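Written out below as structure tokens is the structure these notes cover.
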Amino acid sequence: MIDKLRRIDETRLEVPLDYKKGMRVPGIIYVDSLLEKELELQAVDQVANVATLPGIVNCSTAMPDIHNGYGFPIGGVAAFDLKEGIISPGGVGYDINCGVRLLRSNLRKDEVIPRLKDLVDVLYREVPSGVGSKGKVRLGPDDEKRILIKGAVWALENNMGDPSDTERTESGGHIEGADPSLISGKAYERGRSQQGTLGSGNHFLEVQYVDEIYDEQAANALGLFTNQVTVMIHTGSRGFGHQVCTDFLEVMERAAAKYGIELYDRELACAPFHSSEAQDYLAAMRAAANYAWANRQCIMHWTREAFMKVFSSSPRALGMSLVYDVAHNIAKIEEHMIKGERRKLVVHRKGATRAFPPGHSELPVIYRHLGQPVLIPGDMGRASFVLLGTEKAMQETFGSTCHGAGRVLSRHQAIKMARGRKIWRELEDRGIIVRSAGRETLAEEMSDAYKDISAVVDVVHKAGLSKKVARLRPMGVVKG
DNA sequence: ATGTCC
């Protein structure tokens, strides 16, 4: 029960070893007393369940945007030893490499407001969205395989961006070790028509403006200034990644039994890191991650084209360069210091953002002195945030921080609460123009359905897991 | 999140 939790300090709650039988390490949930009230019992239970898995290192961690997920909580971070540990699709999630990218511009808010409706219309037309939406990219079988290996670099080779984009993308926009031969026919089929599509649910493309800066020097280094217009793109690997996850959950359920791993919840299906099943999943997951990076790159390209049309100017003159692109649903092999010893671990981040500190060799040279840019999308009515990674995150959370607001209402509850309201109208009254493909998406995604993003970000800032740089406010939203 | 049940 929740009263078995122990408060460590203002921002941390411990799930003690005796919370549940079988826990190998404790759990740590980053919440203050306010967000603690919104903790779901089931999500806390999931933190404890993850702590029972073989080879887990330090503790089972969750961020302040924690909520129920498949097996592992969303907002969870779990790192496993490569010898004794496991790898689990539930620790990554169905939307492999769901992530966020942020584009800057030279435009000011007051220059865009008179053209905002037009801009949102053009963006809605240029970027396919909605459940099962089909892209305008026509792929042959070989193209799709190239995407799985090259990720965003494939898009550059097809004249949709330049090397400064992939330089500013986590993992350079393509992760090594993807194996297209491990992808099912079903996944290929679903992926063929969906490259370059936004999807639905909480995925979005948003025109925003910078309304508050917390760290002038850092904002300047990232190319951000007050009242500047930015664009945030939040999407993932669409039906392709979903199918990869589905395919491998089946493989992993059999593998867990085969290798004698006791599962406290069958949704924790996993396999020992060095098993062929785990290695195959990793190679397939990487292919899906690359699919997602290509997806965000295509969408960003069309975003630049849309701005070019509406403002009759070149993207270069508009200053539309990529600030950064983060993955928040992925497993990566990384080196971390554990009790004074440098160790290679497989870090699962499921609804958690990497937040590497200044000086880390995996950061692009232009940002190495700053720390990794962290992009946190909020709901469509409130705000989004830019932060930077820290040394404290490296020490406490395997270089990780939160990923978003986190739901407080289920989709069903949200639809019920929105009955009789016009969500688009409520947003328009607040100066936010919204266009959506799905009939019920706006209800599911209204502000009331989410935790307060500012409260979530304040916890990770106060805990030192990342530091606030800027707050972005929505102006125009394209929803799936 | 997801051709929201083959």
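Glycine is no exception: its Cβ is also placed from the backbone N, Cα and C atoms.
What TrEMBL lists as Mn(2+) 1 binding site is A:Asp95, A:His203. Counting every protein chain shown, the number of other Cβ atoms lying within 10 Å of the Cβ of A:Asp95 (Mn(2+) 1 binding site) is 25.
The region 'Disordered' annotation in TrEMBL covers A:159-179.
Marked as compositional bias 'Basic and acidic residues' by TrEMBL: A:165-177.
In three-state terms derived from DSSP, A:Asn202 (GMP binding site) belongs to neither a helical nor a strand segment and is classed as coil. If you look up TrEMBL, you'll see A:202-206, A:328-329, A:377-380, A:Ser384, A:403-406, A:Lys479 marked as GMP binding site.
Mapped onto three states, the DSSP output places A:His234 (Mn(2+) 2 binding site) in strand. Around the Cβ of A:His234 (Mn(2+) 2 binding site), 25 further Cβ atoms fall within 10 Å across all displayed protein chains. Among the features that TrEMBL reports, Mn(2+) 2 binding site is placed at A:His234, A:His328.
Secondary structure at A:His403 (GMP binding site), taken from DSSP and collapsed to helix, strand or coil, is coil. Taken from TrEMBL, the feature active site, GMP-histidine intermediate covers A:His403.
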Fewest other Cβ within 10 angstroms of its own Cβ, chosen from the binding-site residues A:Asn202, A:Asn329:
A:Asn202
A:His403 (GMP binding site), number of other Cβ atoms within 10 Å:
28
Restricting to the binding-site residues A:Asp95, A:His203, A:His234, which ones have a CA within 10 Å of the CA of A:Asn329 (GMP binding site)?
A:Asp95
Same-chain residues at least 6 apart in sequence whose Cβ lies under 8 Å from A:His203 (Mn(2+) 1 binding site):
A:Cys98, A:Ser129, A:His234, A:Thr235, A:Gly236, A:Lys479, A:Gly480
For A:His328 (Mn(2+) 2 binding site): intrachain residues, at least 6 apart, with Cβ closer than 8 Å:
A:Cys98, A:Gly99, A:Val100, A:Arg349, A:Gly351, A:Ala352, A:Thr353, A:His403, A:Gly404
In DSSP terms, helix, strand or coil for A:His328 (Mn(2+) 2 binding site)?
coil
